Amino acid sequence: LEKKYDKACEFCKKHKTRIHYVIYGILITAYFAVVIAACSLNFQRALPLFIVTVLAIFFICWDFLIAKYEDRIAAFFSPGERYLEKQCLWLKWVLCAAFIIAIICWLVFDTAKQGSRQLISFGGLVLYVLLMFIFSKYPSRVAWRPVFSGIGMQFILGLLILRTKVGFAVFNWLGIQIQTFLEYSDTGAKFVFGEKYMNHFFAFKVLPIVVFFSTVMSMLYHIGFMQWLIGKVGWIMQIFMGTTPVESLVAAGNIFVGQTESPLLVRPYLPYITRSELHAVMTAGFSTIAGSVLGAYISFGVSASHLLTASVMSAPASLATSKLFWPETEKPTVTLRGGLQMAKGESKNLLEAASQGASTSILLVANIVVNLISFLALLAFLDSALSWVGNLFDYPQLNFENICAYAFMPFSFMMGVDWEDSFIVGGLLGYKTFFNEFVAYERLSKLIHNRKKGGSMYIDGVKQYMTVRSEVIATYGLCGFANFGSLGLVIGGLTSIAPSKKKEIAGGAFRAMIAGTVACFMTACVAGMLTVPGLEIPCHILLGNTFNSTDFPANGTEVVECCQQLFTSVNHSQEIFPGGNYSLSSWKGCCQILHQPAFHCT
């Protein structure tokens with residue numbers, strides 16, 4: 001038996017490659033058989049599986065061709081590249097002119113169709129670019145290609161996701177799948193904390209999501225999927241924006257991982273990067289959020305599709321603002337044409353990767369908990385102290401939120417937030433900047449829940465919820481780690497990775513935080529230009545609020561639409577006065593606005 005076992009082992013070693021091919025062939029054949037069978041039974045139900053399969057085949061073939069025939073492909077396209085280099089000057093101006101004309105035409109037609117609110121967001125975007133240019137480290141050395149191409153990528157991504165049915169449906173579907181996926185963390189939470197775990201929503205519902213997501217990300221990192229995905233996104237940004245490999249990869253990495261984890265992807269190269277590249281690395285961390293906390297914000301009730309869109313759109317925005325605020329003045333030394341070698345996970349197998357991911361999340365969860373406890377306690381003390389000071393001057397309403405609201409109100413209005421909501425959004429931006437985005441999103445979730453419940457929009461002169469448009473813009477504007485707490489985290493984290501850059505890191509971190517904040521504001525401006533929400537609140541609530549309160553305009557567009565829907569439903573109904581949610585005051589108000597005949601209004 002031992003001799004036969006040795007012979008079998010020798011045979012396996014000798015034909016190891018062929019055996020692997022045979023096993024892979026059997027598994028791939030079985031997978032295709034499953035896909036074909038699923039598509040045959042119900043193609044609509046199997047459509048996501050079919051799309052994932054097609055994309056996987058495309059990228060596998062792409063990687064194979066690039067790895068084997070990269071030199072031949074480069075040689076094939078080199079004549080075209082040389083021609084473009086010769087015609088670069090006039091071609092650049094033609095493309096810029098075409099882009100500007102296209103934007104102007106789009107704004108004219110879109111304003112005629114959707115109204116003038118989008119123009120405010122566009123003006124805000126221009127204003128933020130001008131401010132960054134005025135306060136740039138080296139205004140005369142700004143390279144405009146990364147700036148305009150970054151904003152262009154933002155706009156194209158936003159247009160595809162927010163304005164096309166396919167793009168919106170894809171990201172909406174992704175958001176639903178992520179929400180469904182994150183709900184599996186409830187099983188572990190229920191087992192550990194008991195059936196009534198939802199009674200302590202944040203501690204036993206939100207924080208387990210962070211643990212679960214961290215575990216999954218660690219597993220994806222171990223199998224190499226995250227490195228592959230980050231590499232592809234980074235390559236796209238490098239090609240379109242002309243940024244260096246290091247800053248492109250880190251910006252791409254920040255879409256999925258945190259601001260201290262993404263620089264680890266390019267750890268060997270950090271001691272050799274320029275000051276501008278270092279600034280870009282830090283800005284990318286400040287302008288995005290980590291995937292691990294994304295799930296927590298979704299569990300608050302914030303739109304999953306908008307959070308995903310904001311994470312993707314902020315990556316090119318971070319490079320655009322960084323290259324505008326701190327232009328490149330040195331010659332980059334890390335310019336590997338074949339791509340960077342990204343760091344790999346230290347775990348030996350998938351189970352160890354899962355365990356390490358869960359263990360790593362302990363520090364993150366503890367950090368979230370202690371920060372929230374301390375920040376909320378500090379906020380309560382500040383509000384109490386400010387109220388006492390305000391009471392001395394007969395203004396007891398003075399609090400931290402009001403101060404922040406007045407300070408950030410112009411910025412929120414320039415993003416395209418409705419004027420009556422800009423005070424609230426300004427307060428949220430203040431919470432995010434001086435405390436953290438967790439506190440801000442928690443406050444935003446309360447406003448979202450208030451809107452969904454309906455009821456009076458104003459109580460004692462205080463607005464209880466915002467319009468959907470304002471909520472969407474606020475979601476984009478808050479989606480980043482740019483706050484004073486993260487400032488110390490970035491300085492400490494990057495200094496431990498690249499000690500030789502300690503002085504440059506400390507000197508550029510504050511500017512990077514400002515650039516990251518502006519990147520989030522620019523993403524919110526693009527979202528404000530492109531967002532066309534449906535009806536803000538249900539018609540019966542809107543009409544009830546309109547005709548029972550003096551705070552509502554009596555002939556707003558939404559009110560007229562709701563009244564038209566109300567009378568349309570009468571025309572298709574046998575009842576002259578159908579019951580339901582509509583009150584008598586709603587009917588009377590609609591009769592006065594639309595001047596309907598006596599058949600409906602007597």
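Think of each number as a place in line: the chain as shown, counted from 1.
For all residues, glycine too, the Cβ spot is worked out from N, Cα and C.
What TrEMBL says about this one:
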TRANSMEM  21-43  transmembrane segment
TRANSMEM  49-67  transmembrane segment
TRANSMEM  88-109  transmembrane segment
TRANSMEM  115-135  transmembrane segment
DOMAIN    124-195  domain 'Concentrative nucleoside transporter N-terminal'
TRANSMEM  201-223  transmembrane segment
DOMAIN    203-301  domain 'Nucleoside transporter/FeoB GTPase Gate'
TRANSMEM  235-258  transmembrane segment
TRANSMEM  278-300  transmembrane segment
DOMAIN    306-528  domain 'Concentrative nucleoside transporter C-terminal'
TRANSMEM  362-382  transmembrane segment
TRANSMEM  473-497  transmembrane segment
TRANSMEM  509-530  transmembrane segment
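Note on the transmembrane segment (49-67): residues 35, 38-39, 43, 73, 232 of its chain, located 6 or more positions outside it, place their CB under 8 angstroms from a CB of the stretch. The transmembrane segment (278-300) and the transmembrane segment (115-135) are not in contact, since fewer than 3 Cβ pairs between them lie under 8 Å (pairs 6 or more apart in sequence). Listed as Cβ neighbours of the transmembrane segment (201-223) (distance under 8 Å, sequence separation of 6 or more from its ends, same chain) are residues 182, 184-186, 188-189, 192-193, 256-257, 291-296, 299-300, 345, 347, 349-350, 353-354, 356-358, 360-361, 364-365, 368-369, 372.
Residues in the domain 'Nucleoside transporter/FeoB GTPase Gate' (203-301) partition by DSSP class (helix H, G, I; strand E, B; coil) as 81 helix, 0 strand, 18 coil. When the domain 'Concentrative nucleoside transporter N-terminal' (124-195) is classified with DSSP, helix, strand and coil residues number 61 helix, 0 strand, 11 coil. On the 0 to 100 pLDDT scale, the model's mean across the domain 'Concentrative nucleoside transporter N-terminal' (124-195) is 87.
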